[in-house]
Structures are given as structure tokens and as C-alpha cells.
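Chemist: Structure below; questions to follow.
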Amino acid sequence: MQVRKRWVWLPRLALSLWLGSLAILMLVPILLTVTNSLMTEREIGLNYGLLGQMVDTASGGKDAFVNLKILPDWLSLEQYRHVLVLAPKFLRMFWNSAAMVLPIIVGQVAVAALAAYAFAKLRFFGRDKLFLVYLMTMLMPFQVTLVPNYMVIDWLGLMNSEAAIILPGIFGAFGVFMLRQFMAHIPFAYTEAAKMDGAGQWTIFLRIILPLAKPGLAALVVLLFVDYWNMIEQPIIFLQEAARQPLSLYLSYIDKEARGVAFAASVLYMTPMVLLFLYAESYFVEGVQLSGIKG
């Protein structure tokens, strides 16, 4: 028995080492992006074979030499200055992203909270079947709904406008599904007690359900922000004018010779997502767990 107890920690240690290795492996690209953004343009060029570092190949030719470095020789904010001061397109596209993503989040959270409350706490004819329709639309690939969305948006005359991105995003099905799963875990005793005290549906929703659903709402906000901050297909299809395009398309406009600018732009691009996650981390974890969402 003592021998068994002595070695019982080995599986836990192996699992911890495995998960730690995966975490480090996923953090390495982020670390390289941050540190490379603090290098000068010349150092970036030397490291990535852009300034004449050539090696002989087996076939007798020449090839570029790539030297991945974690720490820069000298800390430099040159690339950030280039992105924020010398490239006004970055700030304009940043504002475009914010102007589209924030209304989508506010609108979808509001619509999803109301619909989720109805599906989770109200009893009406066809409730479960209607929720099944929501699930079916959520499971459909984005490319399947792209053509009908394009036809509807074109018929409404919303092409090449922010509304072409915002309106379909507000009525997404994912928020309804996630909040419904979360609200279903709230005991009916709370709502029944409120009804006995004379509270109406709006009072129950606003003063009881929403405060209890804060973790689910926070998790939904984080997931929606990450999803729509990184959207690519919708802006390419619905926004023809470059002046209206969001920040998610900015990196594709950077020349391959300006690697340092790409690193700095990438760091600035992912900063809002990281800050939002850190701010709502505890709510996010609790909300995902109680909603039953699995990655």
C-alpha cells in the first residue's frame, strides 16, 4: 500500500509536464512576436535573411538564412512609431474595427439575453423545436449562409456599409445558445419566489436573471469580441472600399520587406483581446464552465 501511495503522484506529474509543455509551445510564437517588435528594422532584416545573409545549398545555389532570436540586441520602439505615427491607415482601420465590433457585441448580447431567457425560463408552444432551429443555424458553416446573406444585404442596399457587417452579427445564434445553457442552470425557485412577490417578467429578467447571469454575459462578450475582431470573410465580401475595412485586414497590406512593422502591428492588434480577457478572466472561466461550452 505504501508503494502504491508513493507512486500515485507520477500520473499527475506527467500530466502537468505535458500541459506545461503545450502551454510553452503555444506561448513561443507570441513571445517571438513581442520581442521581435522591439527590434530595429535592420536587425529584423538580418534575422530573417532580408539583408544579404545567404548560405550555400546542396544544389550549389544560395538561399536566405533565418536566425530566430528571442531577445533583441537593442530595445527599439521604431516599429511602433512607424505603425502609430507614420502609418495613419492603422489607426483608421483600428477605429473601423471598433465601430463595427462594439455595436455587434452590444446588440447580440441584448438580443441573445432576451431570447435565452424565453427559451430557458418561459413555457410556450414550440419552444424546444424553435430552439432546435437555432441550433441548426449555428451548426451550419459560415460559407453556407454567405450567399443568402449577400443577396439580402444587396437587396436592402447595404453593400459597402458597416451595417452589412453589424446587422447579421447582432442576430447570431451562438449568443442565444450559450446564454440559454447558462440560464437553464439558474434554479426556478428564484423566479417562482419573485412571481409570488408580484414581480413581472421584466422585473424578473432585469433584477434576478441578469445579475445571476453576469459570468455568462462576460464569457459571451469575450468570445464575441475575439470572433468579430478577427473576422476576415465578411469585410472582404461586403466592404469594397479600403477606407471602411477593419484592422483584421491590415497585416495583408504590409510589404514583406517591412517585417518589423508586421510584428509591431500584430502586437497592437492582439492587445485589446488580451486586455479584455485578463479583465474578465474569472467571469469568463465561470461562464464557460456553467454554460457547458467545450473547446
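Note: Cβ is positioned from N, Cα and C throughout, glycine not excepted.
Pulled the feature table from TrEMBL, pasting it below:
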type     : residues : note
DOMAIN   : 94-280   : domain 'ABC transmembrane type-1'
TRANSMEM : 12-32    : transmembrane segment
TRANSMEM : 94-119   : transmembrane segment
TRANSMEM : 131-151  : transmembrane segment
TRANSMEM : 163-183  : transmembrane segment
TRANSMEM : 204-226  : transmembrane segment
TRANSMEM : 260-280  : transmembrane segment
Chemist: So if I exclude everything within five residues of the ends of the transmembrane segment (163-183), which remaining residues of that chain have a CB under 8 angstroms from its CBs? That is, six or more out.
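Modeler: Non-local partners: 100, 103-104, 107-109, 111-113, 115-117, 119-121, 131, 134-135, 137-138, 149, 153, 209, 213, 215-217, 219-220, 223-224, 228, 231, 234-235, 238-239, 287, 290-293.
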Chemist: Could you give the residue numbers and ranges of same-chain residues that sit at least 6 residues beyond the transmembrane segment (131-151) on either side and whose C-beta is under 8 angstroms from one of its C-beta atoms?
Modeler: 115, 119, 168, 173-174, 176-177, 180, 233, 237-238
